[in-house]
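Trainee: Sharing a structure below in C-alpha cells format, with a few things to ask.
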Amino acid sequence: MRINPTTSDSTVSTLEEKNLGRIAQIIGPVLDVVFPPGKMPNIYNALVVKGRDTVGQQINVTCEVQQLLGNNRVRAVAMSATDGLTRGMEVIDTGAALSVPVGGATLGRIFNVLGEPVDNLGPVDTRTTSPIHRSAPAFIQLDTKLSIFETGIKVVDLLAPYRRGGKIGLFGGAGVGKTVLIMELINNIAKAHGGVSVFGGVGERTREGNDLYMEMKESGVINEKNIAESKVALVYGQMNEPPGARMRVGLTALTMAEYFRDVNEQDVLLFIDNIFRFVQAGSEVSALLGRMPSAVGYQPTLSTEMGSLQERITSTKEGSITSIQAVYVPADDLTDPAPATTFAHLDATTVLSRGLAAKGIYPAVDPLDSTSTMLQPRIVGEEHYETAQRVKQTLQRYKELQDIIAILGLDELSEEDRLTVARARKIERFLSQPFFVAEVFTGSPGKYVGLAETIRGFQLILSGELDGLPEQAFYLVGNIDEATAKAMNLEGEKK
C-alpha cells in the first residue's frame, strides 16, 4: 500500500473537537480510560495525558488504545513511564494512530518511539508525518523478480548473497564485529546504490546505542558538519523503556524506511537490533492486557505480530526495503518460539564466528554456517553457484583435516590434501576485506569488491594458478589483482 504522508502541524484536534476521557485505573504501564457514551476511540488511536503530578512537575504521556472493554472504557498501553499519573486525570483522544516524522530531515538524527528527536539537536525540520500502523503493500504492487542485493563484501556476495527486498538474520555474540559489519553495509548502500538506511534499536542496551552513534560519527556515516549528508536515521527504544515503547519502536523505524521506498523511490536498508526484543515486549504487553499465554509463556498472537511487521518489509515497483535483523537466541535454543517464528521469514543468514575473529579474519562471517535461499543456479547463474560450492567444499575438507593436522602435522597428509589445505588457507584469508568504516582504526583504505571481481578471484585460487603465492598476500585485500601485487611486494621485501 502506497504511503500517504500528512503535513499537518498538530496531531491533536482543535479544542472544540477534542474527545476527552478520564483515567479510571492505572496498572503499571496500562491505563483504563472512561470516555463519554458514543465517543469511544478506535483501536490503535493515540491518547495523550497532559497535566501536573502531585509536586507540580509537567506530565506528558502518550498511550495507544489496545482494547475496548465495554461500559465506555478502553485499555491503553503507555509509551513512556506512567509515574505521577493519577485517577481522574484528563485524557485527550487524538483521533488518529501515532504519527512520526519522515523524509530526508530524519537522516543523521536519533528518535524515540513517538518520533521525537532525543539527540539535543533541536526540532526536526519537516512537517511530513506518517502513521506507524499500515497494511502491507498489495500483491500487485510487489516486485516479484528475484535479484541479488550486491553489498561489495566478498564473503557475503559469494557464499550467502542477500536478496533485494529480502530479510537477513545476523547471528553473533558480543565483540565479533556485528556493529562494524552493520556500519559498512550502511556505507556501501549509500555509495553503490544511492540508498539510505534506518536503524531500529529495539530493546537493547542504551550504552550500545550510544556507542553505535559515536562510531557512526567517527566513521562519517553520520556527518556532524552537515547533518543532511548523513546516510542513516536512528530510532531507539531501549531496555529501560516500558514494553509499549519497545513493542512499537520497530514500526516507527519501518515507517521511516517505507517513506524512503515509496515516496523517494530509493533502496533502503532497515536494521533491527534486536528482533527478539520485539517479541519479548509483545509478550509483556500481552500479559498486561490479560491474554492467556501460549507456548513457553509467549503471546498467543506471536505469529500475527511478527507477520504484520515482516510483511511490510519488501520490494515494490518503486523501491525496496532490505532488512538485516540481529537475532538473539535465548539459551541457544533454536526451537524457542521467538527465533523459530523469525526464521520462517528470513531469506538469508549471516553467522559471525568467534574463531575467525580470534584469527584476525574480518569480517568474521562463517562461510560454512551462513546460508541464503538466493544461492541457486537459476538465480545467481551457473558460474557463481559452481564457484561458491567449490569454495565451500574446499573449506569443509580443510575443516575435516584440522584434527589430523593438529595431531600428526601437515607432513602426514597426502599430496592432494596438502594442496587442498594450502588453497583453503588462501581462500580463508581472501574472504577477509578492509572496510571503509574501519579505516580510522586500521589505517588501511576500505575496498568495495564487485560480484564479478569476487567470482574471478576465487576461481583463480581454485584453479591452482596462484598456488605459488604466499597465503599472507591474500589477507585483507580487495580484489585478486591486489593480492598478486601484495605478493610481489612481499617478494621484494625479502630480497
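Each Cβ is built from the backbone N, Cα and C atoms, and glycine gets one as well.
Sharing the feature lines straight out of Swiss-Prot:
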BINDING   G172, G173, A174, G175, V176, G177, K178, T179  ATP binding site
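For each feature listed, report its degree of burial, its nearest neighbours and the pertinent distances within the displayed model.
Mentor: Taking the Cβ of G175 (ATP binding site) as centre and 10 Å as the limit, one finds 11 other Cβ atoms among all the protein chains shown.
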Trainee: When a 10 Å sphere is centred on the Cβ of G172 (ATP binding site), how many other Cβ atoms does it contain?
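Mentor: Excluding its own Cβ, G172 (ATP binding site) sees 21 Cβ atoms within 10 Å.
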Trainee: Around the recorded ATP site, report the further residues of that chain (criterion: Cβ within 8 Å of the mean position of the Cβ atoms of G172, G173, A174, G175, V176, G177, K178, T179; site residues excluded), sequence-ordered.
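Mentor: Neighbours within 8 Å of the Cβ centroid, excluding G172, G173, A174, G175, V176, G177, K178, T179: L352, A357, A364.
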Trainee: Counting other Cβ atoms within 10 Å of each Cβ, which of the binding-site residues G173, G177 scores lowest?
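Mentor: Lowest Cβ count within 10 Å among the binding-site residues (G173, G177) is G173.
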